[in-house]
Amino acid sequence: MAYQDLKEAVIAYSKEIGIDQIGFASVEPFKELKARLEEQQALGYASGFEKGTPEERTTPRKLQPEAESIIAIALAYPTKLKDAPKSVKGDRRGMFCRASWGTDYHEVLRDKLNKLAAFLEEQVSDFCHTSMVDTGELSDRAVAERAGVGFSGKNTLIISPEFGSYIYLGEMITNIPFTPDQPIEEGCGTCTKCLDACPTGALVEPGRLNAQQCLAFLTQTKGFMPDEHRDKLGNFIYGFETCQAVCPYNRGVDFHHHSEFEPDPELVKPRLTDLLNISNREFKEKFGAMAGSWRGKKPLQRNAILALGHYKETSALDQLIDLMNHDPRPVIRGTAAWSIGKMDTESGFRAIQQAMTYETDPEVIVEMEKGLRFKTIKQ
Ligand code: SF4
(Lines of atoms letter the chains of each structure in order from A; the text may use other names.)
(Lines give C-alpha, C1' and ligand atoms only; values in the text may rest on other atoms or scores of the structure.)
Protein backbone atom coordinates (compact mmCIF):
# COMPACT_ATOMS: atom_id res chain seq x y z
CA MET A 1 0.00 0.00 0.00
CA ALA A 2 1.37 3.47 -0.88
CA TYR A 3 2.25 5.55 2.18
CA GLN A 4 -0.40 8.17 1.41
CA ASP A 5 -3.07 5.45 1.19
CA LEU A 6 -1.74 3.92 4.39
CA LYS A 7 -1.95 7.29 6.11
CA GLU A 8 -5.58 7.61 5.07
CA ALA A 9 -6.26 4.07 6.26
CA VAL A 10 -4.67 4.88 9.63
CA ILE A 11 -6.81 8.01 9.96
CA ALA A 12 -9.95 6.02 9.13
CA TYR A 13 -9.00 3.28 11.58
CA SER A 14 -8.25 5.82 14.31
CA LYS A 15 -11.84 7.04 14.04
CA GLU A 16 -13.10 3.46 14.28
CA ILE A 17 -11.28 2.92 17.57
CA GLY A 18 -12.42 6.22 19.05
CA ILE A 19 -9.37 8.45 18.66
CA ASP A 20 -10.70 12.02 18.53
CA GLN A 21 -7.77 13.59 16.73
CA ILE A 22 -4.74 12.29 14.92
CA GLY A 23 -1.81 14.03 13.27
CA PHE A 24 1.53 13.12 11.74
CA ALA A 25 4.85 14.78 12.48
CA SER A 26 8.40 14.54 11.19
CA VAL A 27 11.20 13.18 13.37
CA GLU A 28 13.49 16.18 13.00
CA PRO A 29 15.07 17.13 16.32
CA PHE A 30 12.97 19.60 18.32
CA LYS A 31 15.75 22.19 18.43
CA GLU A 32 13.79 25.10 19.89
CA LEU A 33 12.35 22.85 22.57
CA LYS A 34 15.80 21.62 23.52
CA ALA A 35 17.02 25.16 24.13
CA ARG A 36 13.87 25.83 26.09
CA LEU A 37 14.19 22.75 28.27
CA GLU A 38 17.77 23.66 29.09
CA GLU A 39 16.66 27.16 29.97
CA GLN A 40 13.84 25.81 32.17
CA GLN A 41 16.33 23.65 34.03
CA ALA A 42 18.79 26.51 34.45
CA LEU A 43 16.01 28.76 35.79
CA GLY A 44 14.80 26.07 38.21
CA TYR A 45 11.40 25.99 36.49
CA ALA A 46 11.35 22.24 35.71
CA SER A 47 9.08 19.94 37.72
CA GLY A 48 11.58 17.13 38.23
CA PHE A 49 9.00 14.62 36.94
CA GLU A 50 10.51 14.81 33.42
CA LYS A 51 12.12 11.70 31.94
CA GLY A 52 15.42 11.77 30.04
CA THR A 53 17.94 14.47 29.17
CA PRO A 54 16.97 17.46 26.99
CA GLU A 55 18.89 15.73 24.16
CA GLU A 56 16.87 12.51 24.51
CA ARG A 57 13.64 14.37 24.95
CA THR A 58 14.04 16.28 21.71
CA THR A 59 15.68 13.76 19.39
CA PRO A 60 13.22 11.05 18.32
CA ARG A 61 15.96 9.04 16.60
CA LYS A 62 17.76 8.69 19.90
CA LEU A 63 14.71 6.79 21.10
CA GLN A 64 14.22 4.80 17.92
CA PRO A 65 17.14 4.90 15.43
CA GLU A 66 15.00 3.88 12.42
CA ALA A 67 12.32 6.50 13.17
CA GLU A 68 10.69 8.16 10.15
CA SER A 69 7.54 9.74 11.57
CA ILE A 70 5.56 10.33 14.73
CA ILE A 71 1.83 9.77 14.99
CA ALA A 72 0.19 12.06 17.54
CA ILE A 73 -3.20 11.23 19.03
CA ALA A 74 -5.62 13.14 21.24
CA LEU A 75 -8.67 12.04 23.23
CA ALA A 76 -11.12 14.60 24.57
CA TYR A 77 -12.38 14.22 28.14
CA PRO A 78 -15.47 15.44 30.01
CA THR A 79 -15.51 18.73 31.90
CA LYS A 80 -18.90 18.68 33.58
CA LEU A 81 -19.72 16.57 36.61
CA LYS A 82 -23.34 15.46 36.73
CA ASP A 83 -24.95 14.86 40.13
CA ALA A 84 -21.98 16.35 41.92
CA PRO A 85 -22.31 16.14 45.71
CA LYS A 86 -22.39 19.59 47.28
CA SER A 87 -19.49 20.75 49.41
CA VAL A 88 -21.09 22.44 52.41
CA LYS A 89 -20.21 23.34 55.99
CA GLY A 90 -20.04 20.10 57.96
CA ASP A 91 -19.61 18.03 54.79
CA ARG A 92 -16.70 19.45 52.84
CA ARG A 93 -15.70 17.78 49.63
CA GLY A 94 -12.34 17.73 47.87
CA MET A 95 -11.91 17.88 44.12
CA PHE A 96 -9.80 15.91 41.68
CA CYS A 97 -9.02 17.89 38.53
CA ARG A 98 -10.73 16.75 35.35
CA ALA A 99 -7.58 15.05 34.03
CA SER A 100 -8.02 12.52 36.81
CA TRP A 101 -11.65 11.67 36.18
CA GLY A 102 -12.48 8.09 35.27
CA THR A 103 -9.88 5.47 34.45
CA ASP A 104 -6.25 6.58 34.32
CA TYR A 105 -5.83 8.08 30.86
CA HIS A 106 -2.36 6.57 30.45
CA GLU A 107 -3.99 3.16 30.21
CA VAL A 108 -6.74 4.26 27.86
CA LEU A 109 -4.35 6.00 25.47
CA ARG A 110 -1.86 3.12 25.58
CA ASP A 111 -4.67 0.80 24.58
CA LYS A 112 -5.51 3.02 21.59
CA LEU A 113 -1.83 3.21 20.57
CA ASN A 114 -1.51 -0.58 20.88
CA LYS A 115 -4.50 -1.01 18.59
CA LEU A 116 -2.99 1.40 16.07
CA ALA A 117 0.30 -0.50 16.23
CA ALA A 118 -1.47 -3.82 15.67
CA PHE A 119 -3.23 -2.32 12.64
CA LEU A 120 0.07 -1.08 11.19
CA GLU A 121 1.79 -4.39 11.87
CA GLU A 122 -0.75 -6.06 9.61
CA GLN A 123 0.00 -3.59 6.80
CA VAL A 124 3.78 -3.19 7.01
CA SER A 125 6.04 -6.23 7.31
CA ASP A 126 9.03 -4.64 9.07
CA PHE A 127 6.99 -2.17 11.14
CA CYS A 128 8.53 -1.01 14.37
CA HIS A 129 7.35 1.60 16.80
CA THR A 130 7.79 3.22 20.23
CA SER A 131 4.71 4.58 21.98
CA MET A 132 4.48 7.08 24.81
CA VAL A 133 1.84 8.73 26.93
CA ASP A 134 2.87 11.55 29.23
CA THR A 135 5.66 9.72 31.03
CA GLY A 136 7.92 9.04 28.03
CA GLU A 137 10.93 11.09 26.97
CA LEU A 138 9.22 12.98 24.15
CA SER A 139 7.16 16.06 24.90
CA ASP A 140 3.56 15.10 24.06
CA ARG A 141 2.81 18.77 23.58
CA ALA A 142 5.67 19.48 21.19
CA VAL A 143 4.73 16.47 19.08
CA ALA A 144 1.02 17.39 19.06
CA GLU A 145 1.85 20.96 18.05
CA ARG A 146 4.09 19.84 15.19
CA ALA A 147 1.47 17.32 14.05
CA GLY A 148 -1.24 20.00 13.88
CA VAL A 149 -3.38 18.58 16.70
CA GLY A 150 -3.55 22.02 18.28
CA PHE A 151 -1.57 25.14 18.96
CA SER A 152 0.46 25.87 22.04
CA GLY A 153 -1.44 28.33 24.25
CA LYS A 154 0.03 30.95 26.54
CA ASN A 155 -0.89 28.54 29.36
CA THR A 156 1.62 26.07 27.78
CA LEU A 157 -1.13 23.58 26.95
CA ILE A 158 -2.09 22.29 23.53
CA ILE A 159 -5.38 23.80 22.45
CA SER A 160 -7.38 22.01 19.81
CA PRO A 161 -9.78 24.38 18.04
CA GLU A 162 -12.37 21.60 18.15
CA PHE A 163 -11.84 20.15 21.65
CA GLY A 164 -10.12 22.92 23.58
CA SER A 165 -7.33 21.98 25.98
CA TYR A 166 -9.22 19.24 27.82
CA ILE A 167 -7.48 16.55 25.78
CA TYR A 168 -5.10 13.74 26.57
CA LEU A 169 -2.11 13.37 24.29
CA GLY A 170 0.00 10.41 23.25
CA GLU A 171 2.30 9.51 20.39
CA MET A 172 3.94 6.72 18.48
CA ILE A 173 7.33 6.94 16.80
CA THR A 174 7.25 4.76 13.67
CA ASN A 175 9.64 3.67 10.93
CA ILE A 176 7.06 4.57 8.26
CA PRO A 177 7.79 7.76 6.31
CA PHE A 178 4.30 9.28 6.57
CA THR A 179 3.93 12.77 5.10
CA PRO A 180 3.88 15.19 8.01
CA ASP A 181 0.86 17.42 8.68
CA GLN A 182 1.21 21.16 9.11
CA PRO A 183 1.06 22.91 12.49
CA ILE A 184 -2.05 25.03 12.85
CA GLU A 185 -1.85 28.79 12.72
CA GLU A 186 -4.48 29.72 15.29
CA GLY A 187 -3.24 31.28 18.51
CA CYS A 188 -4.17 33.20 21.66
CA GLY A 189 -4.08 36.63 20.06
CA THR A 190 -4.23 39.39 22.66
CA CYS A 191 -5.90 37.20 25.32
CA THR A 192 -4.04 36.90 28.62
CA LYS A 193 -6.81 35.39 30.77
CA CYS A 194 -4.77 32.42 32.00
CA LEU A 195 -1.79 34.56 32.99
CA ASP A 196 -4.07 36.98 34.82
CA ALA A 197 -6.01 34.22 36.61
CA CYS A 198 -3.12 32.03 37.80
CA PRO A 199 -3.15 32.53 41.58
CA THR A 200 0.57 31.93 42.04
CA GLY A 201 2.00 33.69 38.98
CA ALA A 202 3.35 30.34 37.78
CA LEU A 203 2.87 31.45 34.19
CA VAL A 204 5.85 33.75 34.37
CA GLU A 205 5.37 34.90 30.77
CA PRO A 206 3.21 33.75 27.87
CA GLY A 207 4.07 30.12 27.19
CA ARG A 208 6.50 29.75 30.10
CA LEU A 209 5.59 27.89 33.26
CA ASN A 210 7.53 27.75 36.49
CA ALA A 211 6.42 24.28 37.57
CA GLN A 212 7.70 24.91 41.08
CA GLN A 213 4.98 27.55 41.51
CA CYS A 214 2.26 25.65 39.66
CA LEU A 215 -0.48 24.44 42.01
CA ALA A 216 -1.23 21.45 39.77
CA PHE A 217 2.35 20.30 40.29
CA LEU A 218 2.44 21.19 43.96
CA THR A 219 -0.62 19.05 44.72
CA GLN A 220 1.51 16.08 43.66
CA THR A 221 4.56 16.71 45.84
CA LYS A 222 5.13 14.73 49.01
CA GLY A 223 6.68 17.30 51.32
CA PHE A 224 5.10 20.32 52.99
CA MET A 225 3.11 22.66 50.77
CA PRO A 226 4.86 26.04 50.57
CA ASP A 227 3.19 28.42 53.07
CA GLU A 228 2.24 31.04 50.52
CA HIS A 229 0.22 28.53 48.46
CA ARG A 230 -1.68 26.72 51.21
CA ASP A 231 -4.73 28.92 51.00
CA LYS A 232 -4.85 29.06 47.22
CA LEU A 233 -5.90 25.49 46.50
CA GLY A 234 -9.51 25.85 47.64
CA ASN A 235 -10.85 22.32 47.65
CA PHE A 236 -8.49 20.91 44.99
CA ILE A 237 -6.74 17.84 46.33
CA TYR A 238 -5.25 16.72 43.02
CA GLY A 239 -4.34 19.00 40.13
CA PHE A 240 -5.49 22.54 39.53
CA GLU A 241 -6.91 23.95 36.35
CA THR A 242 -7.75 27.62 36.56
CA CYS A 243 -5.59 28.31 33.51
CA GLN A 244 -7.87 25.97 31.56
CA ALA A 245 -11.16 26.98 33.16
CA VAL A 246 -10.73 30.62 32.09
CA CYS A 247 -9.60 29.87 28.55
CA PRO A 248 -12.11 31.02 25.92
CA TYR A 249 -11.26 27.97 23.81
CA ASN A 250 -12.73 25.79 26.57
CA ARG A 251 -16.02 27.66 26.79
CA GLY A 252 -18.88 25.15 26.53
CA VAL A 253 -16.48 22.29 25.88
CA ASP A 254 -17.69 18.99 27.42
CA PHE A 255 -17.05 15.80 25.49
CA HIS A 256 -18.29 12.42 26.63
CA HIS A 257 -16.84 10.25 23.87
CA HIS A 258 -15.18 7.70 26.12
CA SER A 259 -17.01 5.75 28.78
CA GLU A 260 -13.65 5.16 30.54
CA PHE A 261 -13.40 8.86 31.40
CA GLU A 262 -16.88 9.19 32.89
CA PRO A 263 -16.41 10.41 36.46
CA ASP A 264 -17.90 8.81 39.54
CA PRO A 265 -19.02 11.89 41.52
CA GLU A 266 -18.25 10.25 44.87
CA LEU A 267 -14.71 9.47 43.77
CA VAL A 268 -13.77 12.71 42.04
CA LYS A 269 -15.40 14.82 44.75
CA PRO A 270 -14.77 12.76 47.87
CA ARG A 271 -15.63 13.75 51.43
CA LEU A 272 -12.43 15.31 52.81
CA THR A 273 -12.70 13.70 56.23
CA ASP A 274 -13.06 10.25 54.63
CA LEU A 275 -9.56 10.63 53.20
CA LEU A 276 -7.85 11.40 56.49
CA ASN A 277 -7.69 7.88 57.90
CA ILE A 278 -8.12 5.81 54.79
CA SER A 279 -6.08 2.58 54.83
CA ASN A 280 -3.67 1.76 52.01
CA ARG A 281 -5.90 -1.06 50.94
CA GLU A 282 -9.08 0.98 50.82
CA PHE A 283 -7.23 3.79 49.02
CA LYS A 284 -6.03 1.38 46.35
CA GLU A 285 -9.46 -0.17 45.95
CA LYS A 286 -11.26 3.15 45.69
CA PHE A 287 -8.82 5.46 43.96
CA GLY A 288 -6.18 3.11 42.51
CA ALA A 289 -7.56 3.23 38.95
CA MET A 290 -7.48 7.03 38.80
CA ALA A 291 -4.53 9.00 37.41
CA GLY A 292 -4.61 11.11 40.57
CA SER A 293 -3.52 8.19 42.75
CA TRP A 294 -0.09 7.82 41.15
CA ARG A 295 1.78 9.46 44.03
CA GLY A 296 -0.03 7.43 46.69
CA LYS A 297 -2.35 8.70 49.38
CA LYS A 298 -0.06 11.05 51.30
CA PRO A 299 -0.17 14.12 49.01
CA LEU A 300 -3.96 13.80 48.76
CA GLN A 301 -4.31 13.55 52.53
CA ARG A 302 -2.03 16.54 53.02
CA ASN A 303 -4.15 18.52 50.55
CA ALA A 304 -7.38 17.38 52.21
CA ILE A 305 -6.04 18.64 55.55
CA LEU A 306 -5.14 21.98 53.97
CA ALA A 307 -8.62 22.29 52.48
CA LEU A 308 -10.23 21.60 55.87
CA GLY A 309 -8.06 24.32 57.39
CA HIS A 310 -8.79 26.69 54.55
CA TYR A 311 -12.54 26.32 55.07
CA LYS A 312 -12.15 26.35 58.87
CA GLU A 313 -14.09 23.10 58.95
CA THR A 314 -14.23 22.73 62.72
CA SER A 315 -16.32 19.56 62.51
CA ALA A 316 -13.01 17.89 61.52
CA LEU A 317 -11.06 19.32 64.45
CA ASP A 318 -10.98 16.13 66.53
CA GLN A 319 -9.83 14.08 63.56
CA LEU A 320 -7.06 16.57 62.82
CA ILE A 321 -5.93 16.63 66.45
CA ASP A 322 -5.78 12.86 66.35
CA LEU A 323 -3.59 13.00 63.21
CA MET A 324 -1.34 15.65 64.76
CA ASN A 325 -0.85 13.46 67.80
CA HIS A 326 -0.58 10.02 66.28
CA ASP A 327 0.17 9.98 62.54
CA PRO A 328 3.65 8.55 61.91
CA ARG A 329 4.28 10.90 58.95
CA PRO A 330 5.74 14.29 59.87
CA VAL A 331 4.16 16.03 56.84
CA ILE A 332 0.73 14.91 57.98
CA ARG A 333 1.31 15.82 61.64
CA GLY A 334 2.71 19.23 60.73
CA THR A 335 0.05 20.05 58.15
CA ALA A 336 -2.64 19.01 60.61
CA ALA A 337 -1.15 21.40 63.19
CA TRP A 338 -1.20 24.25 60.66
CA SER A 339 -4.84 23.58 59.77
CA ILE A 340 -5.87 23.24 63.40
CA GLY A 341 -4.36 26.67 64.05
CA LYS A 342 -6.09 28.07 61.00
CA MET A 343 -9.44 27.09 62.48
CA ASP A 344 -8.79 29.53 65.28
CA THR A 345 -10.38 27.68 68.20
CA GLU A 346 -9.31 27.61 71.83
CA SER A 347 -9.41 23.81 71.97
CA GLY A 348 -7.30 23.63 68.81
CA PHE A 349 -4.61 25.95 70.18
CA ARG A 350 -4.56 24.01 73.47
CA ALA A 351 -4.10 20.75 71.55
CA ILE A 352 -1.18 22.21 69.58
CA GLN A 353 0.50 23.49 72.74
CA GLN A 354 0.12 20.11 74.36
CA ALA A 355 1.44 18.26 71.32
CA MET A 356 4.49 20.55 71.28
CA THR A 357 5.54 19.15 74.65
CA TYR A 358 6.26 15.74 73.12
CA GLU A 359 6.76 16.36 69.38
CA THR A 360 10.40 15.77 68.45
CA ASP A 361 10.48 16.43 64.70
CA PRO A 362 11.87 19.95 64.13
CA GLU A 363 9.84 20.49 60.94
CA VAL A 364 6.61 19.53 62.66
CA ILE A 365 7.41 21.84 65.55
CA VAL A 366 7.87 24.70 63.06
CA GLU A 367 4.41 23.93 61.65
CA MET A 368 2.96 23.90 65.17
CA GLU A 369 4.46 27.31 65.81
CA LYS A 370 2.89 28.56 62.59
CA GLY A 371 -0.43 27.14 63.74
CA LEU A 372 -0.20 29.00 67.02
CA ARG A 373 0.61 32.23 65.21
CA PHE A 374 -2.90 32.34 63.79
CA LYS A 375 -4.02 33.11 67.33
CA THR A 376 -1.48 35.88 67.75
CA ILE A 377 -2.65 37.51 64.53
CA LYS A 378 -6.25 37.47 65.79
CA GLN A 379 -5.40 39.21 69.08
FE1 SF4 B 1 -4.44 31.60 25.27
FE2 SF4 B 1 -6.28 33.10 26.54
FE3 SF4 B 1 -6.47 30.43 26.56
FE4 SF4 B 1 -4.51 31.64 27.93
S5 SF4 B 1 -6.70 31.81 28.34
S6 SF4 B 1 -4.30 29.83 26.63
S7 SF4 B 1 -4.05 33.38 26.59
S8 SF4 B 1 -6.61 31.77 24.75
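Heads up, residue numbers simply count up from 1 along the chain you see.
Just so you know, glycine gets a Cβ as well, placed from its N, Cα and C.
Per TrEMBL, the [4Fe-4S] cluster 1 site holds CYS188, CYS191, CYS194; the candidate it also names there, chosen from CYS214, CYS247, is CYS247. Fewest Cβ neighbours within 10 Å among the binding-site residues CYS188, CYS191, CYS194, CYS247: that distinction goes to CYS191. In sequence order, ASN155, LEU157, CYS194, ALA197, CYS198, LEU203 constitute the residues six or more apart from CYS243 ([4Fe-4S] cluster 2 binding site) in its chain with CB-CB distances below 8 Å. Calculated from their C-alpha atoms, the gap between LYS222 (tRNA binding site) and CYS214 ([4Fe-4S] cluster 2 binding site) amounts to 15 Å. By neighbour count, meaning other C-beta atoms within 10 Å, the densest spot among the recorded positions ASP134, ASP140 is ASP140.
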